[in-house]
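As written in Swiss-Prot, here are the features:
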BINDING   7-20, G96, N152, R175  ATP binding site
Amino acid sequence: MTVTGIIAEFNPFHNGHKYLLETVEGLKIIAMSGNFMQRGEPALIDKWIRSEMALKNGADIVVELPFFVSVQSADYFAQGAIDILCQLGIQQLAFGTEDVIDYQKLIKVYEKKSEQMTAYLSTLEDTLSYPQKTQKMWEIFAGVKFSGQTPNHILGLSYAKASAGKHIQLCPIKRQGAAYHSKDKNHLLASASAIRQHLNDWDFISHSVPNAGLLINNPHMSWDHYFSFLKYQILNHSDLTSIFQVNDELASRIKKAIKVSQNIDHLVDTVATKRYTKARVRRILIYILVNAKEPTLPKGIHILGFTSKGQAHLKKLKKSRPLITRIGAETWDEMTQKADSIYQLGHQDIPEQSFGRIPIIIKNERLN
């Protein structure tokens, strides 16, 4: 049986994600972000609810990406997630993309030319953001073309880099329905952006989200719930440069901007430059919010949930892999657990996110 890995945020889970799970074959293992997202924002609903939605709609195992994988630029996000999935025995990685190209060929390009490609990046002017530099690199060394806003395609290129030497097959699936950033409601497969934008339209949500009650009946979180905490952290921090990725220039810009910013969008707009993209600034603000410093990664893999089929696979791995099914007196990952505690502060109805929680188990008969 083919073991397929999928890297996801499911923020929130929607019909497009269900389509992806129905399209790929075999046992499906999801490496999913926790309570903070790659583009620097809190999850709309907590990681346990998102895991349950995935398991009820085709996923067999959901594992958690540690904080310092979830909240990172595309290359580090991809590398950390693929490293975890490879430990779980995946043979292929499936992902949605706007442009279906031969990503397998790009793995071979990177395997042969990684040193030259990395050296080329260092020759590009500092006024370019890292994503802009990366696009230029792929254009020069592999002839990859970029057309407009294609975030999934760009992430696919990071998957290709991270898969070098891993002996896994990349399985791109053409993205269906609305574009990634589209707010349009007139699609059967609406985007996560549209769903977050129209949360009060229950008819739209019920048609766009499988098991919509799980989304509708749980707290909906955003930066608005944490902005006052962030402001306190910035104004009272003695040395912002001790925070991960904060240099003197950014520390100064952030300290000045917070005094005149009324919300997160205003703050990000004020701090961002050509060099410091809005996504990067948002991630850095998350680091400040949770007081993240030197990045460390846990050895164990935190299991958020599984089906009967997934449980059978995990039993084969448990003697040779450090699988964590319950966080007790001993921590799994201190940084992720601290971030979970801060996420909880945003709403009184968010339950405990780490200590004592056990995996969600969905019984099914799909054991063949």
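Placed from the backbone N, Cα and C atoms, the Cβ positions cover glycine too.
A map of Swiss-Prot features onto the structure.
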residue : record           : Cβ contacts under 8 Å, 6 or more apart
I7      : ATP binding site : I30, A31, M32, L65, F77, A78, A81, I82, L85, L93, F95, Y159
F10     : ATP binding site : H17, I30, M32, R50, M53, A54
F13     : ATP binding site : R50, M53, A54, N57, V209, P210, N211, L215
Y19     : ATP binding site : Q176, L189
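Reduced to three states, the DSSP call for F13 (ATP binding site) is coil. Each of the binding-site residues G16, N152 was scored by the other Cβ atoms within 10 Å of its Cβ; the lowest score goes to N152. DSSP assigns I7 (ATP binding site) to a strand.
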